[in-house]
Amino acid sequence: MIPYDLYHGTSNDFAIVDANAHHVPDRSAFAASLCADLGIDGVLFLAINDATRPPRAVMTLVQPDGGTAAMCGNGARCAARWVAARTDADEVMLDTQAGTRRTVVDGDDVAVEMGAPAFDPAAVPVTGDSPLVREDIAGYTVTAVNTGVPHAVAFVDDVDAIDIAADAPPIRHHDRFPEGANATFAEETETGFRQRTFERGVEGETQSCGTGAVAVAVVAAREGRVPENATVSVSPPGGTLTIELDGDTAVLHGPTTVVGDGEADATPARQVDT
Ligand SMILES: N[C@@H](CCC[C@H](N)C(=O)O)C(=O)O
């Protein structure tokens, strides 16, 4: 059996497995099974490989479809808190497939330096030679940005009015996105933005998406909705995240919650569609 810890970041739910202590022979099948059983958004495999200051860990997110995502903003916040608790540290370096991310843990609150968002077509990726900015994609005016993973961001008048189960998949699977995209909708309010995201890999709406919140903030800055150096409040259904923009880079802040723990069969019957 494989023990895991359950965390959430603004209701983006993850099981965390100590990858140094426990070998999972098929991570894809394990994650698909555990996500289906628990109704969670992914499994984080964390391997602390340097416990000096600051400690360093490799973070791998496997999603409900059995695929691996290069980065996860809320997952990184939960991962940093998990590593901090085991190393008695308040600063943690996370090695992700999108690069190394410095994190700072302050009690329940965790900040992640998210790096430089990219609009470059090869980096998102999108087809074509120029950035995809305010183009009509499946009936929405979309701007594409990579904040560790690709997001297609559309500003709308009212996020509650969207039928996300119907409207997001044609964006998420659109031909312009050769690796697919998370479909993120945002509504400007007096104090910031409301957000809803349909996540690639989950293939449904999640209660929160950290890379999506950063995408909302950086696209808002690009469109002149907020200054390029600003602190932006973005509220998905699961809570409120704060994004510090400094022109080139973004820092994601928000709360994390320890939910509990459990254990699961290391070799479940495979539940991934192949
Ligand atoms: N929930 C995450 C994003 C996880 C990755 C995404 N679904 C993808 O496959 O691109 C977040 O908080 O950023």
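Using the three backbone atoms N, Cα and C, a Cβ is placed for every residue, glycine included.
Caution: TrEMBL annotation is automatic and unverified by curators.
Quick look at what TrEMBL annotates:
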| type | residues | note |
| --- | --- | --- |
| ACT_SITE | Cys72 | active site, proton donor |
| ACT_SITE | Cys209 | active site, proton acceptor |
| BINDING | Asn12, Gln63, Gly73, Asn74, Asn182, Glu199, Arg200, Gly210, Thr211 | substrate binding site |
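Distribution of TrEMBL features across the structure.
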{"residue": "Asn12", "record": "substrate binding site", "Cβ contacts under 8 Å, 6 or more apart": "Asp41, Cys72, Asn74, Gly75, Thr206, Gln207, Ser208, Cys209, Gly210, Gly238"}
{"residue": "Gly73", "record": "substrate binding site", "Cβ contacts under 8 Å, 6 or more apart": "Gly9, Val112, Met114, Thr147, Gly148, Cys209, Gly210, Thr211, Gly212, Ala213, Val214, Leu241, Leu252"}
{"residue": "Asn182", "record": "substrate binding site", "Cβ contacts under 8 Å, 6 or more apart": "Val149, Pro150, His151, Ala152, Arg172, Thr197, Phe198, Glu199, Arg200, Cys209, Thr211, Gly212, Ala215"}
| request: Give the three-state DSSP assignment (helix, strand or coil) for Gly73 (substrate binding site). | output: helix
| request: Using only the Cα atoms of Asn12, Gln63, Gly73, Asn74, Asn182, Glu199, Arg200, Gly210, Thr211, which the record gives as binding substrate, return the largest interatomic distance in Å, rounded to a whole number. | output: 15
| query | When you average the Cβ positions of Asn12, Gln63, Gly73, Asn74, Asn182, Glu199, Arg200, Gly210, Thr211 for the substrate site, which other residues in that chain have a Cβ within 8 Å of that mean position? | reply | Asp41, Ala69, Cys72, Gly75, Val149, Thr197, Val202, Thr206, Cys209, Gly212
| message | Need the DSSP three-state call for Asn182 (substrate binding site) to compare against my parser. | response | strand
| query | In terms of DSSP three-state secondary structure, what is the assignment for Thr211 (substrate binding site)? | reply | helix
| said: If you count CB neighbours within 10 Å, which one among the active-site residues Cys72, Cys209 has the smallest count? | reply: Cys72
